[in-house]
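> What follows is a structure written as structure tokens; I'll ask about it next.
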Amino acid sequence: MKWLTEKKPKPITVGINGFGRIGRMVFQAICDQGLLGTLLNVVAVVDMATDADYFAYQMKFDSMHGKFKHRVGTEKSDPSLAEADTLVVNGHKIKVCAATRNPEDLPWGKLGVEYVVESTGIFTEASAARGHMKAGCKKVVISAPGKGDLKTIVMGVNHIEYDSKAHDVVSNASCTTNCLAPVVHVLMKEGVGIEKGLMTTIHSYTATQKCVDGPSKKDWRGGRAAAYNIIPSSTGAAKAVGEVIPAVKGKLTGMSFRVPTADVSVVDLTFVAAKDTSIEEIDSLLKKASKTYLRGILGVTEEELVSSDFIHESRSSVYDSLATCQNNLKGEKRMFKVVSWYDNEWGYSNRVVDLLKFMASKA
């Protein structure tokens, strides 16, 4: 990506609030990119559990992404402690802190944390996220769609709009928005345009769903067993694209189907183009973007692949060239379907890391 060479980011000190699926994946991406203790100096992680040995176990073994590729151990900061409170990864020490109901109570100031990755899924309101700043940090990156007075960034699409002086709380949007937005960005940037469109994401189940049928007052279908059902659900991902690409605001909407796979999802965008075009032109434009201004963000596959082939895919969106189709009658040339794959855990987590690096380059 071009922004990586524009200005060398300065080292920043990072804390991760919420060490669940995304929190751990963000940390692993930082390690895999060789940034731990250098550019992104992670000094603390926060979760309900405070046993560093358990955190180390969770890092070492992952059912979906395999074994951790780095040296990991634990130690006690005080010999009198009942359990280890420090993770040691590649010789780098990370304090394990207890979660709180109020981010203001976290020890960011004491630990010298400048940037917080808010990955609990709880403090997504800008006002709540700013509690981290009252605790002593300078910037907050929410690893989920945010609400309120904040800036939503999709790397490769609208990251240049980030203003280090104006934006203290930033949302990395959702994994689905990160898949859809690059495709829409190409269509708009290259003049194909979108008159209107419907998006469906066929999405792997997540930790918020039920293993077996259980109570769910807000979403009755969402209370059904995740690994046994295809479950229709709502998503704001399509509408959220309008927040990062204002030219399509109000033109896109969509829904989700939660399906019985543990990772990797796929976006189906069916749209009416703003001008006459063709499968060949759309295909060519997306391939060109994947090699130029969206390299590292948008990928392309021309093989007969299935979801498991995209496990641990680091790009946000991989356009399936073989799946593009159309429904144009009587000489029309405007209705098309484009399909793009994404690892909703790993690809998204790498974008959180990219966002941190980009923000650091603007500090």
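Just so it is clear, glycine is given a Cβ too, placed from its N, Cα and C backbone atoms.
Whatever TrEMBL says is automated annotation, not expert-curated.
In case it helps, TrEMBL gives these features for our protein:
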- CYS175: active site, nucleophile (ACT_SITE)
- ARG21, ILE22, ASP47, ARG101, SER143, ASN344: NAD(+) binding site (BINDING)
- SER174, CYS175, THR176, THR206, THR235, GLY236, ARG258: D-glyceraldehyde 3-phosphate binding site (BINDING)
- 12-175: domain 'Glyceraldehyde 3-phosphate dehydrogenase NAD(P) binding' (DOMAIN)
- HIS203: site 'Activates thiol group during catalysis' (SITE)
> Is it possible to get the count of other C-beta atoms within 10 angstroms of the C-beta of HIS203 (site 'Activates thiol group during catalysis')?
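The answer is 23.
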> Assuming the binding residues for D-glyceraldehyde 3-phosphate are exactly those in the record, SER174, CYS175, THR176, THR206, THR235, GLY236, ARG258, what is the maximum CA-CA distance in angstrom, rounded?
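Largest Cα to Cα distance for the D-glyceraldehyde 3-phosphate-binding set is 16 Å.
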> Given the binding-site residues ARG21, ILE22, ASP47, ARG101, ASN344, which lie close to SER174 (D-glyceraldehyde 3-phosphate binding site), meaning Cα to Cα within 10 A?
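Those close enough are ASN344.
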> Just the number: how many Å between the Cα atoms of THR206 (D-glyceraldehyde 3-phosphate binding site) and SER143 (NAD(+) binding site)?
15
> What is the nearest of the binding-site residues ARG21, ILE22, THR235, ARG258, ASN344 to CYS175 (active site, nucleophile), using the Cα of each?
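The answer is ASN344.
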> Between C-alpha atoms, which of these recorded positions comes nearest to THR235 (D-glyceraldehyde 3-phosphate binding site): ILE22, SER143, HIS203?
HIS203
> Near the Cβ of SER143 (NAD(+) binding site), how many other Cβ atoms are there if near means within 10 Å?
29
> For THR176 (D-glyceraldehyde 3-phosphate binding site), find which of the recorded positions ARG21, ARG101, SER143, HIS203, ASN344 come within 10 Å, Cα to Cα.
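Those near THR176 (D-glyceraldehyde 3-phosphate binding site) - Cα within 10 Å - are HIS203, ASN344, in sequence order.
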> So among HIS203, GLY236, ARG258, all listed as recorded positions, which is physically nearest to ILE22 (NAD(+) binding site)? Use the C-alpha atoms.
HIS203
